[in-house]
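A.B. asks: Below, the features straight out of TrEMBL:
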ACT_SITE  E64  active site, proton donor
BINDING   N51, H52, E53, N54, A55, S56, Y57  substrate binding site
BINDING   C62, C95, C98  Zn(2+) binding site
DOMAIN    10-136  domain 'CMP/dCMP-type deaminase'
REGION    139-158  region 'Disordered'
Amino acid sequence: MTTAKADLSEFEQKLVDKAVEAMERAYCKYSNFKVGAALVCEDGEIIIGANHENASYGATICAERSAVVTALTKGHRKFKMIAIATELEEPCSPCGICRQFLIEFGDYKVILGSSTSDQIIETTSYGLLPYAFTPKSLDDHEKETEERHHQSETKNGH
Ligand SMILES: [Zn+2]
């Protein structure tokens, strides 16, 4: 849903501000494309991230994953919300790898903002990645494999 910053709650507006502030931590000497993220953990702690590039371009890490790995390292495992900001006037969406990384930790609110406009896109981690491969996929696989194994044992009279 596209909206304006003023339509967000006061907390969410501040979170977007923190994502914009985090852009200044970016190490992006190759693209000059600053990205900032502010992640709200289950206990309310807010952890920021920025994109950090590398001369070996593939080694670059995005702001979203930067925030999440920092949170994970601090012991957090559940998140309530993340705000992400770039300089683009129209809010920019996370890359595919980040969408996958975000959804690993469940369904939570994602706010996409801008340092140069008041435009906002409100979505969720699930909304960003329909038909996602998640931890549930692995759990289902284990369960189904076990059931098939059990059925074949029953059929064979074991
Ligand atoms: Zn990314």
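Going from the start of the chain as shown, residues are counted 1 onward.
Backbone N, Cα and C atoms are what each Cβ position is placed from, and that goes for glycine too.
These figures come from a predicted structure and were not determined experimentally.
Show me how these features fit into the shown structure, please.
C.D. replies: Less than 8 angstroms from the CB of E64 (active site, proton donor) sit V35, A37, G49, I82, I84, P94, C98, F101, L102, each of them six or more residues away in the same chain. DSSP gives E64 (active site, proton donor) a helix state.
All protein chains considered, the CB of Y57 (substrate binding site) has 9 other CB atoms within 10 Å.
Here C95 (Zn(2+) binding site) comes close to C62: these same-chain residues lie at least six apart in sequence, with C-beta atoms under 8 angstroms from its C-beta.
Confidence annotation: the domain 'CMP/dCMP-type deaminase' (10-136) carries a mean pLDDT of 98 in the model.
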A.B. asks: Among A55, Y57, C62, C95, C98, which binding-site residues lie by ligand 1, judged by Cβ under 6 Å to any atom?
C.D. replies: C62, C95, C98
A.B. asks: What residues elsewhere in the chain lie close to the region 'Disordered' (139-158), defined as a C-beta under 8 angstroms and at least 6 residues from its ends?
C.D. replies: none
A.B. asks: By Cβ count within 10 Å, point out the most packed of the binding-site residues listed: N51, N54, S56.
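C.D. replies: The residue with the most neighbouring Cβ atoms within 10 Å is N51.
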A.B. asks: Out of A55, C62, C98, which of the binding-site residues has the smallest number of neighbouring Cβ atoms within 10 Å?
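C.D. replies: Candidates: the binding-site residues A55, C62, C98. Fewest Cβ atoms within 10 Å: A55.
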